[in-house]
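> I am attaching a structure below and will ask some questions about it afterwards.
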Amino acid sequence: MAPLLAAALLLLPRLAAPRLSVRYFAYGSNMAAAVLTGVRRISPLEKRCGVVRDHRLAFTVPGFALEPSFASCDPAKGERLHGVCYSLTLADWLRLCASEGVPAAYRVTTVDVHCYDGAELPAYTLSAALPLPVSLPPSRRYLNLLRQGAREAGLDPEWQRKLEEMEPFFLSV
């Protein structure tokens, strides 16, 4: 866990933290309940499906061995990135950032989420801190988490189809 984030978690006032919330736009494995609530032990206060305009799903966060890349929210004029906008407690947001390797692997950016219900919400999301020069196919395991999360959330069927048609890394776990 990054030292500054660990310190912030320790300094959070226990009584105030539940009242503070942060909007977080997830487009990768954090859309899947098995990851967000299971692995990361984060309980969203609210979730809404939506799209971020002029951004794309890219696999430009460097991985390792059989996990060559992870998802990033990259600017791309005219493209759309579907995902889930969660409301998280401040403590859960800091825990999420620490678990995702902020600031080494990811950096926090702001986006406008256009919810399927018509609302427009400002939110934080994560983008590659030091992106790969090209988008590399993700592992089958990781890609399946994105597919599972998109199904669970009820994302746009066309987006789900796009995820299903993506090819994983040829040496996949």
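Note: Cβ is positioned from N, Cα and C throughout, glycine not excepted.
Per TrEMBL, the feature signal peptide maps to 1-18. According to TrEMBL, the substrate binding site annotation covers Y24, F25, A26, Y27, G28, S29, Y142. The active site, proton acceptor annotation in TrEMBL covers E100.
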> Among Y24, F25, A26, Y27, G28, S29, Y142, listed as contacts of substrate, what is the widest Cα spread in Å, to the nearest whole number?
20
> By Cβ count within 10 Å, point out the most packed of the binding-site residues listed: F25, Y27, Y142.
F25
> Can you give me the same-chain residues 6 or more apart in sequence from G28 (substrate binding site) with a CB-CB distance under 8 Å?
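Looking at Cβ-Cβ distances below 8 Å from G28 (substrate binding site), excluding near sequence neighbours, one finds F70, A71, L145, L146, G149.
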